[in-house]
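> One structure follows; several queries about it will come next.
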Amino acid sequence: MQDAAPRLTFTLRDEERLMMKIGVFVPIGNNGWLISTHAPQYMPTFELNKAIVQKAEHYHFDFALSMIKLRGFGGKTEFWDHNLESFTLMAGLAAVTSRIQIYATAATLTLPPAIVARMAATIDSISGGRFGVNLVTGWQKPEYEQMGIWPGDDYFSRRYDYLTEYVQVLRDLWGSGKSDFKGDFFTMDDCRVSPQPSVPMKVICAGQSDAGMAFSARYADFNFCFGKGVNTPTAFAPTAARMKQAAEQTGRDVGSYVLFMVIADETDDAARAKWEHYKAGADEEALSWLTEQSQKDTRSGTDTNVRQMADPTSAVNINMGTLVGSYASVARMLDEVANVPGAEGVLLTFDDFLSGIETFGERIQPLMQCRAHLPALTQEVA
């Protein structure tokens, strides 16, 4: 088998530009991000996520993010049928960490912005200023229909109008502690939130449609996007370029943070064998549900996160970019990511989170030029 990661052929940028941020996408739902009967099967718990984030902090990860999922895909694996709640989980994790940045996700159809503003200010206090909010509009209709709060299918074409008003209320309340915002979706009447966050609250998003990127260009501190393909670490470059161009139109610097799964082992062949094993156990019933739901939004264009998730090419891990190889191969591929214009960080998942973070910290990260600035490890973590 050929080396999964070809030798780098580019000239690395200067050291400052190569200081790429790394985060962990914690498994708030059962089984993480592998829709396979052959993958590790586990329930989400606070203790599991605590161990993951504390390991990530020990190995100098920069941030941890949790999603929000309100209904799963079913199938033999009951994929994502079992989920914790994002804000309460991250509040708990904020209390048991000291350096790593913590981000929770707000499903904006379920939570009024004034409540999110107050919850965020509370976790800012718990964390000592290490908290931020990921805003999502909602794409999986059954999540909201089951609670009677789906606003109708025209929401697909208006969701970023809704989110624009939402974030304006948040900015009012975090900035001055007061909002009198009047819009089509929200009406504030001397709405108050105090105490306010101790530092400016970071807002992040994950838009790949034109509307999503335009929103991020105006309001987000950075924007998540999917990596693409297997061992094609720079295939997301056109998406990062679109985000960079959108941000230039608003005069802001909004970097792209790219989602990848790492499947690593001592050799390329051993890592590839794991990947093929996971694919062979794909939960077809759960994948069919994902495909069906991804087709409900016909108004956001073809280049969206949801469309990519359902692509049959690598649906077993929701088509996030996948880096499969030896520790050295994965390190080289991540250095390639760092060289893409507009790429400022990566958000990583693992086939096995606890062992994956440990091997990443011990065997992969020390080989990465874009992480050469990190201090040496000083202690063991349980």
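Positions of Cβ are set from backbone N, Cα and C atoms, glycine also.
As annotated in Swiss-Prot:
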type	residues	note
BINDING	Ile68, Lys69, Asn134, Glu143, Arg159, Tyr160, Ser209	FMN binding site
> My understanding is the cutoff is Cβ-Cβ under 8 Å with a sequence separation of 6 or more in the same chain; which residues meet that for Arg159 (FMN binding site)?
Thr137, Gly138, Ala211
> Among Ile68, Lys69, Asn134, Glu143, Arg159, Tyr160, Ser209, recorded FMN binders, what is the largest CA to CA distance in Å?
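Between the outermost Cα atoms of Ile68, Lys69, Asn134, Glu143, Arg159, Tyr160, Ser209, the distance is 21 Å.
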> If you draw a 10 Å sphere around the Cβ of Glu143 (FMN binding site), how many other Cβ atoms fall inside it, taking every protein chain shown into account?
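Counting Cβ neighbours of Glu143 (FMN binding site) within 10 Å gives 20.
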> Including all protein chains displayed, how many Cβ atoms other than that of Asn134 (FMN binding site) lie within 10 Å of its Cβ?
20
> Is Ile68 (FMN binding site) helix, strand or coil when read with DSSP?
coil
> For Lys69 (FMN binding site), what is the tally of other C-beta atoms lying within 10 angstroms of its C-beta?
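Other Cβ atoms within 10 Å of Lys69 (FMN binding site): 23.
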> Looking only at DSSP and grouping its letters into three states, which state does Glu143 (FMN binding site) belong to?
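Glu143 (FMN binding site) sits in a helix per DSSP.
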> Return the count of C-beta atoms lying within 10 angstroms of the C-beta of Tyr160 (FMN binding site), excluding that atom itself.
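Step by step: centre on the Cβ of Tyr160 (FMN binding site), count other Cβ atoms within 10 Å, giving 23.
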> Give me the count of other Cβ atoms within 10 A of the Cβ belonging to Ser209 (FMN binding site).
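Ser209 (FMN binding site): 20 neighbouring Cβ atoms within 10 Å.
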